[in-house]
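Here is what TrEMBL says about this protein:
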REPEAT    6-47  repeat 'WD'
REPEAT    48-89  repeat 'WD'
REPEAT    184-225  repeat 'WD'
REPEAT    281-311  repeat 'WD'
């Protein structure tokens, strides 16, 4: 089966994300457009219009009522998923780099960039308290002095968030007190992406140091490493197989300085336990910026520097494949 090509952006894709059921796929890019698609056939369901700059991040809550987006226009916005109506606009002093709903969908967090004299912060809002939204006053704001946050997700049960930094460090911040609960440094360079497993017990990081790594989401204990020859922009865990998919390639500014070997921009599949690569999928012209597994594990999607999103359905060989160690 050929991949389904989604053409809804004029600029590089920054993030793609399925909702919990997997019937919808949300895509954002370095243009101001937020798109939502039916994942089964690639039909565009609609757009969320309002941002005026690149959109760095997107998330949907567990019952797909609300959508959250963060942008370089110095805002984080909450949308009604079904109608496309903007429900809240939270202004910030710098670009919003990461955003996410907690497991219950009541609390949102987002992190802002360190730029133009402003430091990096993580802000937490409780959507059940309208005054926080109306007054743009988060119930907690954690300053992040040392190295800015480049990727962040909610940990299990919404008790903490797991943040990856420009320095390669990982921090677990308490969503109650804001203190750092755990700090580890297993990567030598920036962490570009963090994605949890379906059961939230582990997560995979993607780093500029050419590796993706698997961690325990409670202790942040490092468990596995997946090595490549170029920066990893995104990594995702299969919900029903011991597989991880990696997407990467170099940044645009580095492209001319390296070998032009074709196949630089394939999605690469690794076995979780053996840390061995077992497959590659071609498709994008240029680096892959975001990958995501469908919640049923039968397909995955990738978003590229080329502005396209591709939905790939696995063939029968993939499901019959036995790994020979």
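Yeah, the Cβs are placed from backbone N, Cα and C, and that goes for glycine too.
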Ask   = What are the DSSP helix, strand and coil residue counts for the repeat 'WD' (48-89)?
value = 0 helix, 23 strand, 19 coil
Request  = Could you tell me what the rest of the chain brings near the repeat 'WD' (184-225), counting residues at least six beyond its ends with Cβ under 8 Å?
outcome  = 150-153, 155-157, 162-170, 172, 231-237, 239-240, 244, 246-248, 270, 272-273, 275, 290, 292, 295
Query = Excluding the flanking five residues on each side, which residues at least 6 beyond the ends of the repeat 'WD' (281-311) place their CB within less than 8 Å of a CB in that stretch?
reply = 3-18, 20-22, 25, 27, 29, 37, 39, 42, 193, 195, 198, 233-241, 245-252, 255, 263-267, 269
Message = Per DSSP, what is the helix/strand/coil residue tally across the repeat 'WD' (184-225)?
response = 0 helix, 24 strand, 18 coil
Message = With helix taken as DSSP H, G or I, strand as E or B and everything else coil, how many residues of the repeat 'WD' (281-311) land in each class?
response = 0 helix, 16 strand, 15 coil
Key: the repeat 'WD' (281-311) [mean pLDDT, rounded to integer]   = 96
